[in-house]
Ligand SMILES: [Zn+2]
């Protein structure tokens, strides 16, 4: 069986690496702490009977060969990098839970026809290069752009240099690409990054799909002028345009409903001084939805609204798409299997979309995928995130039974 104690012990041991003063974890991708974390995870993968390698993008891959090499592999995984001062569980439980599944097979002498892989994807969080994250999984599905190697961290080192210093070979990063013929499916366990499972009082979530994300920068150009000397009818206040846009985001997203969420996440005001009417204001609008068509419709409506605001207020405007990640739906057959297995295990589950992005979203481009969520107190990306050992055990049991169903099929 899954060993709750071993899993818990490993979570605590990994949390020691990069431990911060306030009890959080800073294990930023491709740092010394990250290397230390990878070494520890490598030991555990080997203990579970896997051969381990690091690909050119820094993804750690453990593999237990199947008895039938003709069959596509089953992959389990997540990430062990963290945000600055993050928690112990985000990403970690998916990797360590995956190792636990493989170790169970070894200990119970269960043979696997299909090969099993456990993958710790590199730099899921994207907190080092502020470039949207999911770097390792993007590399694996062949989705990197040239600029992904050129981006720099806060010390001015490019990702290319950082990968090189880490002992990798970024010139041959395309070697990390895997194809559709290699994987039968990908399963990822992760803590829920919101309060829904807590609210429902249910330990485990079955993720129906991962939300698509779009970041759009809206900039209004007005006229910076004296606040005392400029009458109300002769003002071109860029902040008022941006403020109306922020309110419009809420209104439009509520109008469409469903799983859509929208946020005016930043506001840059230039100049930002008393005595001066803001002349230029940029706001980055974050729209997420599991439904591609609906997200596009929301973006279109928002664009029309920005245009209307700028005309009415006599402001210039610019729209710039900064990032677009498409939504990914979980494979229905895996969801059906998960529902059946959770019933057999006596674990109550709740079907829900994922509002956060995950490596599974990228893996969906080359294979079927589904995710298991584990209830987490205090959300994620902070030192107080907390998943109960028994909930992690339930999630891992479901992960294991689902993997076992497919592994000899
Ligand atoms: Zn994560």
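Start at 1 and count along the chain as shown; that gives each residue its number.
Using N, Cα and C of the backbone, Cβ positions are placed for all residues, glycine too.
Feature annotation from TrEMBL assigns Zn(2+) 1 binding site to 79, 90, 190. Cβ neighbour count for residue 90 (Zn(2+) 1 binding site) (all protein chains, 10 Å cutoff from its Cβ): 28. DSSP assigns residue 90 (Zn(2+) 1 binding site) to coil, not to a helix or a strand.
Neighbour density for residue 381 (Zn(2+) 2 binding site): within 10 A of its CB lie 18 other CB atoms from the protein chains shown. Annotation note: residue 381 (Zn(2+) 2 binding site) sits in a coil segment as assigned by DSSP. Per TrEMBL, Zn(2+) 2 binding site is recorded for 90, 125, 381.
According to TrEMBL, the domain 'Peptidase M20 dimerisation' annotation covers 212-309.
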Neighbour tally for residue 190 (Zn(2+) 1 binding site), based on other Cβ positions within 10 Å of its Cβ: 30
Additional residues around Zn(2+) 2, ordered along the sequence, whose Cβ is within 8 Å of the centroid of 90, 125, 381: 82, 83, 86, 87, 91, 124, 127, 193, 380
Residue 79 (Zn(2+) 1 binding site) and residue 381 (Zn(2+) 2 binding site), distance between Cα atoms, whole Å: 13
Fewest other C-beta atoms within 10 angstroms, as judged across 79, 125, which are the binding-site residues: 125
Shell list (Zn(2+) 1; ref centroid = CB of 79, 90, 190; cutoff 8 A): 78, 89, 91, 92, 93, 94, 124, 191, 358, 380
Rounded Cα-Cα span from residue 125 (Zn(2+) 2 binding site) to residue 90 (Zn(2+) 1 binding site), Å: 10
DSSP residue counts for the domain 'Peptidase M20 dimerisation' (212-309), split into helix, strand and coil: 40 helix, 32 strand, 26 coil
